[in-house]
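Chemist: This structure is in structure tokens; I'll ask about it shortly.
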Amino acid sequence: MKKFVGAHVSASGGVRNAPLNAQKIGAKAFALFTKNQRQWSAKALEEEEIEQFKANLKAAGIAPSCVLPHDSYLINLGHPGEAELAKSREAFLDEMRRCEQLGLDRLNFHPGSHLGAISESECLSRVAESINLALEATSGVIAVIENTAGQGSNVGYDFRHLGEIIDQVHDKSRVGICIDTCHMFSAGYDIRTREAYEASMAILDREVGWCYLKGMHLNDSKVKFQSRVDRHHSLGMGELGIAPFEFIMNDPRMDGIPLILETIDEALWAQEITLLYSLIKE
């Protein structure tokens, strides 16, 4: 059973530092922002930065397929406004190209929000069209849609939404999903008992399909079941407890993909990584 656990590490001072930061906490996978996530534009990646990133990744012994970059929080690929949608699509394409340059094969993103101006279905179609445009203009990078907690007007809280987006994506080989444990719990998919876990995962398989799972975010939840609020907590300190993470660490369906902590206390990441590996039953 091959599990690749890590965390969303800092790329402060340049993306080259991210693999080193991952290595320091004993990670076998990691997530990063390839640019400032709170700004629209960023200067292009320099060749030296790209080469150093690849060298550090190799030195850390982490495969490119175990890196799950996250796009900017500003991007809304389902935006109801035409000008804003175009701006988001341009920014997303830039992020896809950055992944391409860094030799990474996936980019994780939140699907988007309808902002109360269009229907959920229309929003999902816009997200799918945004993905199609980005895939046509790039090669080799998979667009990885993350499930959401369903806060505000965010789409993607219902697994059916993820399936609906994928149905409309032309190149199915370059689209996938990332499942966040905190988000799914907050959206109404229970995973606290073995029975609940299997039932929720069966819904995921039915609505989307296991073949599309390209990563997971392992987070406990500060908020109660079905609260539709996105508040992460450290493992075992929130409403989920340790059991769901034991189920995941012993589930062969989660083999070979990046399993990423986005828990709130980064001082605990090394401990949490050790804890997760200790849950594996031989």
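Here, residue 1 is simply the first one shown, and the rest follow in order.
Cβ from N, Cα, C; glycine included.
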Chemist: Of the candidates GLU46, GLU47, GLU136, GLU146, which one does Swiss-Prot list alongside HIS70, HIS110 as binding Zn(2+) 1?
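Modeler: Zn(2+) 1 site check in Swiss-Prot: besides HIS70, HIS110, the record includes GLU146 out of GLU46, GLU47, GLU136, GLU146.
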Chemist: Of HIS114, HIS217, which one shares the Zn(2+) 2 site with GLU146, ASP180, GLU262 in Swiss-Prot?
Modeler: HIS217
Chemist: Counting other Cβ atoms within 10 Å, pick out the least crowded of the binding-site residues GLU146, ASP180, ASP230, GLU262.
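Modeler: With the binding-site residues GLU146, ASP180, ASP230, GLU262, fewest surrounding Cβ atoms within 10 Å: GLU262.
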Chemist: Count the Cβ atoms, other than its own, that fall within 10 Å of the Cβ of HIS110 (Zn(2+) 1 binding site), considering every protein chain shown.
Modeler: 24
Chemist: Where does HIS183 (Zn(2+) 3 binding site) sit by DSSP, helix, strand or coil?
Modeler: helix
Chemist: Using all protein chains in view, find how many other C-beta atoms are within 10 Å of the C-beta of HIS183 (Zn(2+) 3 binding site).
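Modeler: I get 27 for this one.
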Chemist: So which binding-site residues are near HIS217 (Zn(2+) 2 binding site), with CA atoms within 10 Å, out of HIS70, HIS110, HIS183, ASP230?
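Modeler: Of HIS70, HIS110, HIS183, ASP230, within range: HIS183.
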Chemist: Between HIS110 (Zn(2+) 1 binding site) and ASP230 (Zn(2+) 3 binding site), what is the CA-CA distance rounded to a whole number of Å?
Modeler: 12
